[in-house]
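Chemist: Relevant sequence annotations retrieved from Swiss-Prot are reproduced here:
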| type | residues | note |
| --- | --- | --- |
| BINDING | GLY12, ARG73, PHE74, GLY103, ASP104, GLY105, SER106 | ATP binding site |
| BINDING | 22-26, 55-60, ARG155, 186-188, LYS212, 214-216 | ADP binding site |
| BINDING | ASP104 | Mg(2+) binding site |
| BINDING | THR126, ILE127, ASP128, ARG163, MET170, GLY171, ARG172, GLU223, ARG244, HIS250, ILE251, GLN252, ARG253 | substrate binding site |
| ACT_SITE | ASP128 | active site, proton acceptor |
Amino acid sequence: MIKKIGVLTSGGDAPGMNAAIRGVVRSALTEGLEVMGIYDGYLGLYEDRMVQLDRYSVSDMINRGGTFLGSARFPEFRDENIRAVAIENLKKRGIDALVVIGGDGSYMGAMRLTEMGFPCIGLPGTIDNDIKGTDYTIGFFTALSTVVEAIDRLRDTSSSHQRISVVEVMGRYCGDLTLAAAIAGGCEFVVVPEVEFSREDLVNEIKAGIAKGKKHAIVAITEHMCDVDELAHFIEKETGRETRATVLGHIQRGGSPVPYDRILASRMGAYAIELLLAGYGGRCVGIQNEQLVHHDIIDAIENMKRPFKGDWLDCAKKLY
């Protein structure tokens, strides 16, 4: 029977993580459980850095970006001996189950702990929206708002100078954030990792737009696809139009979470406690068609496929 749980945030931070922690803590306390917060993700778990959390520990947290528990990347957690120390620390504290908030690397750690017999529930916290088994991740919509605001500002100056702007958006190997920002920001062109990319084809599309009378343009591109400064130079050379690159960077991870992320994080945090009390372990939470769902965390990591939002790309192209 579960009497005490632990909660940690791991990997890259995302707006709404604090709201998720709050959802976990207050739901657990309502059910009569104790909650331990673990500092700095799996690193803090290994180093046994924990704190008892009460309902006041998460007061005024729902609107705060980042994660007050902190986060850290800890690749050493792949080592089974390191994980064994972590489990010993959990048991020493009387913790019966663990809620992990983070991305796919965080899920991998939760999966390994599950395989070693310690029950974990994973919540998807990443701006990249690249987690299997869920339509959206905690932090995605806040990051989208940040990116669109930046695109709006760039459009102001691009139109003033009849300039082409290349905007690099986060997402790692998932184009969801770029696609959504391209639609919401009215970008003329979008480049994502799921679709083969050619600089020459992009330039030809830009030239076609210029021939139709377009005076300025925004190109949204997902990070890691190319050097955006070199791409901007190539576009300027081939089109004769002044072109500048903007890397939005880590500003996309910060800021107060938008209402949808606060709601999603709160619902998922509460649902994690429901699952643990129902006897579930080794699960990850998602939202599909606005309904909370849960999947086997091992199956989600190893077997499930994440569909590419091709309809978003089609929409973006129709609106060029």
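Note: Cβ is positioned from N, Cα and C throughout, glycine not excepted.
Neighbours and distances for these, please.
Modeler: In the three-state DSSP scheme, ARG73 (ATP binding site) is classed as coil.
Listed in sequence order, there are no same-chain residues at least 6 apart in sequence whose CB falls under 8 Å from the CB of LYS212 (ADP binding site).
Note on ASP104 (ATP binding site): other Cβ atoms within 10 Å of its Cβ, all shown chains, come to 17. In the three-state DSSP reading, ASP104 (ATP binding site) counts as helix.
Residues near ASP128 (substrate binding site) in space but far in sequence (CB under 8 A, at least 6 apart, same chain), listed by position: GLY103, THR137, PHE140, MET170, GLY171, ARG172, CYS174, ASP176, LEU177.
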Chemist: Report, as a single number, how many Cβ atoms besides its own are within 10 Å of the Cβ of ARG73 (ATP binding site).
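Modeler: Neighbour count, Cβ to Cβ under the 10 Å cut-off: 15.
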Chemist: Which of the binding-site residues ARG73, SER106, THR126, ILE251, ARG253 has its Cα closest in space to the Cα of HIS216 (ADP binding site)?
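Modeler: Closest recorded candidate to HIS216 (ADP binding site) by Cα: ILE251.
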Chemist: Counting other Cβ atoms within 10 Å of each residue's Cβ, which of the binding-site residues ARG22, ARG172, ARG253 comes out lowest?
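Modeler: Comparing Cβ neighbour counts within 10 Å for the binding-site residues ARG22, ARG172, ARG253 gives ARG172.
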Chemist: Could you check what DSSP calls ARG244 (substrate binding site) once collapsed to helix, strand or coil?
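Modeler: Looking at the DSSP assignment, ARG244 (substrate binding site) belongs to a strand.
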Chemist: Where does ARG172 (substrate binding site) sit by DSSP, helix, strand or coil?
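Modeler: In the DSSP reduction, ARG172 (substrate binding site) maps to coil.
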Chemist: Using only the Cα atoms of THR126, ILE127, ASP128, ARG163, MET170, GLY171, ARG172, GLU223, ARG244, HIS250, ILE251, GLN252, ARG253, which the record gives as binding substrate, return the largest interatomic distance in Å, rounded to a whole number.
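Modeler: With THR126, ILE127, ASP128, ARG163, MET170, GLY171, ARG172, GLU223, ARG244, HIS250, ILE251, GLN252, ARG253 as the binding residues for substrate, the largest Cα distance is 32 Å.
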